[in-house]
Amino acid sequence: MASSIFKYVFMDFFKPMLQLLLFVFPAFYTAVFSLLVFFAFVVFLGRSPQPATFVFDPQVIAIADPRSVPADHANASGLPFPAPPHANTSLGVRRKASPENASDLAPAAANHSAEAKKGRGGSPEKGQKALESSKDLAATCDLFDGRWVFDESTPRYPPGSCPFIDSSFDCFGNGRPDQNYTKLRWKPKGCSIPRLEGKKMLRALRGKRLVFVGDSLNRNMWESLLCILRHPLKRKHRVFEVSGRKEFRTDNSYAFRFEDYNCSIEFFRSPFLVRESSWVDSQGKSRETLRLDLIEASSDAYRTADILVFNSGHWWTHEKTSKGRNFYQEGDHVYPQLSAEDAYRKAMRTWGTWVDTRVNSNRTRVFFRGYSWSHFSGGQWNSGGNCDGETEPITEDKHLAKYLKLTGILESVIGEMTTPVLYLNITRMTDYRKDAHPSVYRVPAGKRKPGEFQDCSHWCLPGVPDAWNELLYAMLLRELS
């Protein structure tokens, strides 16, 4: 009887309970715990996204989010590089820092003014990591302190190969016999800059707008970049001016679309960056004026671009602007007399205020390209000045021009701004290149007339503006670091 009770209690009651405790419950709790851990991990990933990482190799120049963003797409700010700091860290203001090292971002405008007056035409940054293409990391240096060196691999597009070059810049097509002016590349002292490879830059510009705003020297630079970006493409018919135009001098704006990269490279004509206007004098005659207090009229069309490249300089040295008589206007007041330097300062401050208040620096990179030297000998463009026959650059610094007052004014205004402005300080590097202007080759030989004026202000293409774009490219890559 007792054994039957034991058998019933142990075998039929306790044994199943013991098996349940030893085998079933642990497996159940383990499964539940694993599910909880899995859901917690999913929630953690959803609430803590992985940071974007910079991708920089010979094939890809972009920001890639490891979880979701393709390598050729931009980050949340809409740029292929991180948003800039809100303090003014412009190239023209961060003295003692080079466009190749992100370690020194403190403004020091006063130091630059002192150095600029020594005749260097401005002292860009010293101290930034240079981004050479795939392997080579350059030493600390000033990108704009260097020399022109012979380079057989230059230019990035063969002479005569680009249909976007204005006929007055097409020295090769107009019969210039020498081509050494196309074989010089800018090399900073002590470091290298990355070569501008068209496809790499297009990948970085995918889905973006790059806009040049300024005078015909910026059109010179714009056409150069179009040619550099177009040349390596197989489907060149996928690059076109959006309105179908074939000449690029008469209208106030142009836009080229690179269809396969969903990006546009545009130009807006605005030689002063402030508004050209008119007033009626006491005799009822309409006279041209320059409104120093108003930004130019088309500014809303480009203020949301991803990259803006401004310039203004040459037109401030022309006769009407340099004399300054009854030409400059603020509000209803027309100045009977105002110097070009004072007018330029007022205009640049108007531009700077517009940039600070109307351009979103979290979205848009702002560049300002500095003054480009002319090389007229024996007069100015309209008084017999010439540069024909110049085939070699200046090699000795003692022959370079003196510091330009307009450059100091520009750098001072950039230093006052809250928006970071990246300063392409090309003034000194252009002064060496007396050999690279169109001169008489601004027109074909068959159309040339005796005594026709020479062009010693603009540049042949291929030529000097290609180097400006290479520096622009290097400074964009700096923003990736």
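Each Cβ is built from the backbone N, Cα and C atoms, and glycine gets one as well.
Worth saying up front: this structure is predicted, and the values here are computed from it rather than measured.
Within the listed segments 102-131, 132-161, 162-191, TrEMBL records region 'Disordered' for the stretch 102-131.
Mean predicted confidence for the domain 'Trichome birefringence-like C-terminal' (193-475): the pLDDT average there is 94. Per DSSP, the domain 'Trichome birefringence-like N-terminal' (140-192) is made up of 6 helix, 10 strand, 37 coil.
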